[in-house]
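Here the structure is laid out as structure tokens; the discussion comes afterwards.
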Amino acid sequence: ATFLIPYCIMLLAAGLPLYFLELALGQYVSLGPNMLFQQMAPIFSGVGWAMVAVTLLTAIHYNIILAWSLFYTFSSFTLELPWASCNNSYNTAGCYSYKLSQECKEDDLVYYNKSCVQGSDLCGMKQLAIHNSSFCVSAENSSILLNAENTIEHRIIASQDFFDQRMLDKGSHTWGDMGTMQWEIVGCLGLAWLLVAAALARGVRSSGKVVYFTAIFPYIVLTIFFIRGITLEGAYKGIEFYIMRPNMTLLMEVDVWREASTQIFYSLGVSFGSLITLSSYNQFSNNCMRDAIIVSFVNCATSVYAGFAVFSILGFLATEQGKEVGDVVDSGPGLAFIVYPEAFTMMPAPTVWSILFFVMLLTLGLDSQFAYVETIISSILDQWENLRPYKLFVVAGMCSFMFVCGLTMCLQGGIYMFELFFTWSAGLSLIFIAVLEVVVFVYIYGFRRLMSMLEEMNIHVCLPLHGYWAVTWMLITPISLGMILVMSLTDLDKAKYEDYEFPIAVQILAWLLLLTSILVIPVVAIIVYFKSGKRGHELIQPTSDFCPAHIRGVGGTRETSMTTSTAELARPGVSHSLADLRLGVGASQPRPQSLDDGIFSNSYDNPGFRNSWQSVGNRESHTVI
């Protein structure tokens, strides 16, 4: 409940303003993040490349989650789900199964270590005096009786035991002994990268068609789990913990606000560069402000809705185990692979629901991964245009490179490397990039220019929203994120996984991951300073190519050049990157001198020209919001 408060506040203070800002800029200039900053303020070209660097690090570990989804999907093709019981060779003594526990309770016994035992036996194991078959006498106070079942330590549900001991097989491995390669996970990781490469080799249009299914199907599955969850005993206990018992003192801790900001950034895709890349697909007059508002609030509402499904199940498990809701399972990236699988075992036809859920999780993950990898590929092809004819090889090469980088996460102790990337590669660095991004756009490019840009795209901003964008972009967003960044740096926890704190060498590696994307910014700034020949004011001024694509791409007459370039793009049998599919691909072509410099308002009001580029825009079969 406490987390929901900063989560919603950061949505309004940073998430929505940044989401709309990136959509608008990408749609306006039809460029990827690396080229957009290069054309808007050359000295800040590194901000775009920092986004690409963060996306690269994220894509490497994100595909591990897809590999896990594939592993669970394949494991679900059985008559009985493998995590439905504790009778497997890999299960630990503290493994708990609701079904088996109920069978033991019918005979007044307790389920422990794969069998039904007397409660008095558990008392003896803990060297406690026996009161009766179900209760022990407390060692501290003989007048206090303890439920024998509650004396079992390290009790974990069967689905978590499956995640830890079967799929990860982490055992007692540490950074000093990462164990052997988990070849099943390696195979799933290779298949996940093959799916990504196959989709992107044909271009984003083909992969985008899947979204129509993946955008609706999760709501159906979540609703079914929600209905099932609230009908379980103890569901109210979980929902109460989730929504009705906020600990207001936690709002004074910077960790809560940092986690809320990072979660918003991951949910909306802010500061990864993917929003800029994909919005460059949009028609020039698309109302991206409406899209930003709808998507941001629907996204937030979906997250809250999914929480009800999760915590109703956690409340049930807490009731069955006699624990507090917060103690049932450990939080972390594997939570979806623990709570939902446990829910399947309580539903009719559990195998069917398990397969459907993990296929859904896979397709949702692929949507995000397509955006991440396409951002990387598009940035490479935009920067080095001579590679465009070899896009297939670029895609194959980058996917192979990231596959190799992810192999360390397929070791028995690979969860430690995954946690390192998950926590440190795109946390504070995202916040730093976001602060710099909004400062560059609002204070260097200028708020008035931004509003003129929206007017040029025929996006009407009413007075209340005008005030909201002004206050957030100019004050609330940079100040709030800046404060979170500074306070986080002064009170940053050490890298760890659960209770295992990583050794000093790994702590250094964690900081290197954090600084990798940030250091790209000054390095690129130095390169631009010495290679561009620009000095002083020129380094922070937009170039002539920072303009709409239908203006930038003009070579001779406007209509002719637009029609020709689009006809080339539409040739059958040709696959294109995002850069190839944007209107007016010739970013390197000089803009005609007759066009006014600065803001390009009313520079293309000629009806013939407007009809020409509008007809080109109507051919776009996929608009990204």
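Note: Cβ is positioned from N, Cα and C throughout, glycine not excepted.
Over in TrEMBL, the protein carries these features:
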BINDING   SER267, ASN299, LEU364, ASP367, SER368  Na(+) binding site
DISULFID  CYS86-CYS95  disulfide bond
TRANSMEM  7-29  transmembrane segment
TRANSMEM  185-204  transmembrane segment
TRANSMEM  210-227  transmembrane segment
TRANSMEM  263-281  transmembrane segment
TRANSMEM  293-318  transmembrane segment
TRANSMEM  352-372  transmembrane segment
TRANSMEM  392-415  transmembrane segment
TRANSMEM  421-446  transmembrane segment
TRANSMEM  467-488  transmembrane segment
TRANSMEM  508-530  transmembrane segment
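Comparing the Cα of CYS95 (disulfide bond) with the Cα of every entry in SER267, ASN299, LEU364, ASP367, SER368, these being the binding-site residues, the smallest distance points to LEU364. Listed stretches 7-29, 392-415, 421-446, 467-488 were compared with the transmembrane segment (293-318); the greatest number of C-beta pairs under 8 angstroms is found for 7-29.
For LEU364 (Na(+) binding site) paired with CYS86 (disulfide bond), the C-alpha to C-alpha distance reads 30 Å.
By number of Cβ pairs under 8 Å, the transmembrane segment (467-488) is matched best by 7-29 from the list 7-29, 185-204, 392-415.
Across the candidate stretches 7-29, 263-281, 392-415, the maximum count of CB pairs under 8 A to the transmembrane segment (421-446) is reached by 263-281. Beyond the ends of the transmembrane segment (185-204), by six or more residues, the same chain brings 63-64, 66-68, 70-71, 74, 167, 278, 281, 366, 369-370, 373-374, 377, 391-392, 395-396, 399-400, 402-403, 406-407, 410, 414, 575-578, 581, 622 to within a C-beta distance below 8 angstroms of the stretch.
Counting neighbouring Cβ atoms within 10 Å of each of the recorded positions (CYS86, CYS95, LEU364), the lowest count belongs to LEU364.
Under 8 Å from some Cβ of the transmembrane segment (392-415) lie the Cβ atoms of residues 56, 59-61, 63-64, 67, 168-171, 173-175, 177-182, 185-186, 189-190, 193-194, 196-197, 200-201, 334, 373, 376-377, 380-381, 421, 497, 575, all in the same chain and six or more residues away from its ends. Residues 55, 58-59, 62-63, 65-66, 69-70, 72-73, 76-77, 81, 192, 195-196, 199-200, 204, 207, 210-211, 213-214, 217-218, 221, 224, 269, 272, 274, 277-278, 336, 340-341, 344 of the same chain, all 6+ positions outside the transmembrane segment (352-372), place their C-beta atoms under 8 angstroms from a C-beta of that stretch.
Between the C-alpha atoms of ASN299 (Na(+) binding site) and CYS86 (disulfide bond), the distance comes to 37 Å. Sequence-distant contacts of SER368 (Na(+) binding site), defined as residues of its own chain at least six apart whose C-beta falls under 8 angstroms from its C-beta, comprise TYR62, GLY269. A Cβ distance under 8 Å defines the sequence-distant neighbours of the transmembrane segment (7-29), meaning residues of its chain 6+ beyond its ends; these are 36, 39-40, 257, 260-261, 263-265, 267-271, 275-280, 282, 284, 286, 288-289, 291-293, 295-297, 300, 303, 434, 437-438, 441, 450, 453-454, 456-457, 459, 469, 472-473, 476-477, 480-481, 546-549, 552, 625.
Listed in chain order, the extra residues whose Cβ falls within 8 Å of the Cβ center of the Na(+) site residues SER267, ASN299, LEU364, ASP367, SER368 are GLY269. Spatially close to SER267 (Na(+) binding site) yet at least six residues away along the chain are GLY15, ASN299, CYS300, SER303, judged by Cβ distances under 8 angstroms. Between the alpha carbons (Cα) of CYS86 (disulfide bond) and ASP367 (Na(+) binding site) lies a span of roughly 35 Å. The local packing around ASN299 (Na(+) binding site), expressed as other Cβ atoms within 10 Å of its Cβ over all shown chains, amounts to 17.
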